Amino acid sequence: MQKASVLLFLAWVCFLFYAGIALFTSGFLLTRLELTNHSSCQEPPGPGSLPWGSQGKPGACWMASRFSRVVLVLIDALRFDFAQPQHSHVPREPPVSLPFLGKLSSLQRILEIQPHHARLYRSQVDPPTTTMQRLKALTTGSLPTFIDAGSNFASHAIVEDNLIKQLTSAGRRVVFMGDDTWKDLFPGAFSKAFFFPSFNVRDLDTVDNGILEHLYPTMDSGEWDVLIAHFLGVDHCGHKHGPHHPEMAKKLSQMDQVIQGLVERLENDTLLVVAGDHGMTTNGDHGGDSELEVSAALFLYSPTAVFPSTPPEEPEVIPQVSLVPTLALLLGLPIPFGNIGEVMAELFSGGEDSQPHSSALAQASALHLNAQQVSRFLHTYSAATQDLQAKELHQLQNLFSKASADYQWLLQSPKGAEATLPTVIAELQQFLRGARAMCIESWARFSLVRMAGGTALLAASCFICLLASQWAISPGFPFCPLLLTPVAWGLVGAIAYAGLLGTIELKLDLVLLGAVAAVSSFLPFLWKAWAGWGSKRPLATLFPIPGPVLLLLLFRLAVFFSDSFVVAEARATPFLLGSFILLLVVQLHWEGQLLPPKLLTMPRLGTSATTNPPRHNGAYALRLGIGLLLCTRLAGLFHRCPEETPVCHSSPWLSPLASMVGGRAKNLWYGACVAALVALLAAVRLWLRRYGNLKSPEPPMLFVRWGLPLMALGTAAYWALASGADEAPPRLRVLVSGASMVLPRAVAGLAASGLALLLWKPVTVLVKAGAGAPRTRTVLTPFSGPPTSQADLDYVVPQIYRHMQEEFRGRLERTKSQGPLTVAAYQLGSVYSAAMVTALTLLAFPLLLLHAERISLVFLLLFLQSFLLLHLLAAGIPVTTPGPFTVPWQAVSAWALMATQTFYSTGHQPVFPAIHWHAAFVGFPEGHGSCTWLPALLVGANTFASHLLFAVGCPLLLLWPFLCESQGLRKRQQPPGNEADARVRPEEEEEPLMEMRLRDAPQHFYAALLQLGLKYLFILGIQILACALAASILRRHLMVWKVFAPKFIFEAVGFIVSSVGLLLGIALVMRVDGAVSSWFRQLFLAQQR
């Protein structure tokens, strides 16, 4: 088997998985149909006008306008309880002084002094609670779908009808200042705009101060009809510090001053709207649908009396989209075509002096216009697509017809209006609320055919991994010829499909194209492999997973079908990992494998191999198992609680040091983080020194000696700046900002340079040649010249290695007549593992920078836990047993589980609110401008760091048992005077070959790498398959969008990251292997001169 065949086959299997994921996703996460219809004054939804028509302004279209101007102040993440007085408190929170309570005191004062002029509402937000989706809802009155949450990195212009378009069409002057997301959503729509970068969540003041610089001068100038100010400081403070930090009190107090200043400048024809687009969790995050995230504040105020009654004791709860039709009608504009919100009828009552009958009639008129608009939208939408339930739609149309008939009768018979008005209002409200509920339920559209096809393709990919992992170690299995057939058929299928679409003039669907190519390549491979190989073997051998491992894997997969277990996966994963560890220990003891590997060298013809005495007993494996369980338990201390478990308390160690208030505690934690960093660096250097690779003069080891300390120093310096940036003197802030940009980039640049050096010179050995060596001596025996074929090279390389060991070992015993040594080489036995450990360390440093400082302790535990598991695995694998090399299923499963456990221990959860957005600004404190791929890459690297590290390090599962061959060696002692006999039987005194044993059988080595990669892909693949099945079966489950859909997305992205990392890790081993061959070839040529 060739090296290229291994990588190509694994890449092909990954492509099968990618095609299955893409096909399933295209059927599961569909967006709703966006209609391009627009409302206009020339096409009213139906007749109707307010009875107080003389109060309106001339030029109104559907309804006479009530206000000529509106000031809309959006305070991002203004949670409802932020507007509460000091005596209130959050449920399940102790009634203590909270930083966010009572800071918006001007709202309560206005409500008490002018109760008919103001109202405070609890705005109910529709998830997902990300900013861009909320802005779409606040301007269109429609609902975003789940998949739209992924668009929060890159905003796109709104094509649906919206308030901003209606305002500009009516000739109103719209002035905007604040969040630059509006620039992409409404390009060219504002008469004047002041945009500020919004994505830097560490910056609390730039956007807010920029708004304040222009807000009051713009108001005083009068050159506006609608003024929009979108403040971001509260949201950024939540992301950076959380709502319970003193900085939150400062930001809310600043917003309170802004509201007071606006109230003082308002004229009688102006309405002030203060709204939060969403709330935030107790950690300051948002994006999900928890109560704290979907509960936002909405405050309305006018210098003239608007409300006929005083505010209720408990603020009314209204859907957020209700603000859209309300503002449209109050300004005399058409309601946007796709709106499904319900007007806030109280605002159409006519004020405190109006009569109850006229107030109720005005409310009914506004509601009827609103209902006509929603009915028109439902009729148009149902004609364009079949999303809406026909039965429910028919019932709603009947309800609207009855309510509309009652309303028309009401206008024609004013004498009986008082008794009928409440009924008409109730019927119209029932219709509007029913229409909204139906749309929410129906817009979860699925393509069952694509979902089934994607699931089948994922299952087939898992099946290929399982079968091929067994075939890989079978001698003579023709992987390379078999791979050419499916690749050719895949290309033929893709070309035929593209040609068919071109013939019938249909748009090319890349997802379907990839699926056709995957199926076209999969079926021929399975047919040819089974016909030529699989049918000759017993069926039981094709499913090699041991019973206990299979049982634990089934438990693992069953978790994905329960929302409760998915939520509790952070606690279930350490339990399963501990079960695998105990299974390894018990199995080693039960099978009597707690011995050293049989340190045998390749016997010469006519000799027999020898066996060494035992190296370890059961206590050794038990100590390793206890150490692993202890690391697992310690890593579990760094946990983030899901929002569904309110009794849980997240670890305070996940927050950055900058959020800590006490200076002494911050310094102590900073010292602990630096100590963990130094410990990690020292452990890697000691390990490399232990096996001698650190003494190599090659560039990678020189970099480890000098470059790694520089990277650690840069990381520690960046942590110091980040933790104290807010406390820096004003004259040093420019310097601190510059250093915060330079240091992370320098660390990343050093890491990239180290990896480049490792790829260039991956063989880290030390070669010493003696001066004046006899030219007649040669190390090539029994060959007389350099190897002429790969077979010759594979045969003589182990002999060369043994000969150099023999010469080095016996140099003190040689006499001068024997002449000096020809050559001595060190560290060949750990050449593969040294490259892998160096690469993992270089990867870990930039990934560590993307996390909070105290996560460095988790990274230290990650390396320690991996080290213990590898040693436990090495304790029971006899590397010289005749036959192919293999890694047991329980070890591969435990390795994959450790990646999942570390994902949770680094403060992540498979939900959007738990994403660490701050990672996007590590090294880019000023933001990224219009670039979106780089922040997405940084956030992705932060989220899936554990997946990447464990996938790249997966080949260590194969290499480590050979590396540990040198431990506990007990060389047989020869009696004095027995040197001649020792020279006759040198194999009895030889040092262990360690990883050079892999070069004794290169075909077995490559087959073992392929099998390991297939096993790892199978473990990851069945997880994504289980998530897809759970999402399919439970697609109408109450928690599908809250639990199952996010879990599928995170597992899918995690699989892609892990598969790429696995290919990179195996490619690095292949690169080292090729470099070792080149090194030996050059040595052979040098010996012949």
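Just so it is clear, glycine is given a Cβ too, placed from its N, Cα and C backbone atoms.
Noted in Swiss-Prot for the protein shown:
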- Asn268: N-linked glycosylation site (CARBOHYD)
- 4-24: transmembrane segment (TRANSMEM)
- 457-477: transmembrane segment (TRANSMEM)
- 482-502: transmembrane segment (TRANSMEM)
- 510-530: transmembrane segment (TRANSMEM)
- 541-561: transmembrane segment (TRANSMEM)
- 575-595: transmembrane segment (TRANSMEM)
- 668-688: transmembrane segment (TRANSMEM)
- 701-721: transmembrane segment (TRANSMEM)
- 747-767: transmembrane segment (TRANSMEM)
- 830-850: transmembrane segment (TRANSMEM)
- 944-964: transmembrane segment (TRANSMEM)
- 1014-1034: transmembrane segment (TRANSMEM)
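Spatially, the transmembrane segment (1014-1034) is adjacent to the transmembrane segment (4-24); three or more Cβ-Cβ distances between them are under 8 Å for residues at least 6 apart in sequence. Residues of the same chain lying 6 or more positions beyond the ends of the transmembrane segment (668-688) and with a Cβ under 8 Å from any Cβ of it are 657, 660, 694, 701, 704-705, 708-709, 712, 715-716, 719-720, 723, 834, 837-838, 841, 844, 848, 853-854, 856-857, 859-860, 863-864.
Stretch with the most C-beta contacts under 8 angstroms to the transmembrane segment (541-561), considering only 4-24, 457-477, 482-502, 510-530, 747-767: 457-477.
Ranked by the number of CB pairs under 8 Å to the transmembrane segment (510-530), the listed stretches 4-24, 482-502, 747-767, 944-964 are led by 482-502. Across 457-477, 482-502, 701-721, 747-767, the stretch most heavily in contact with the transmembrane segment (4-24), judged by Cβ pairs under 8 Å, is 457-477.
Counting every protein chain shown, the number of other Cβ atoms lying within 10 Å of the Cβ of Asn268 (N-linked glycosylation site) is 9.
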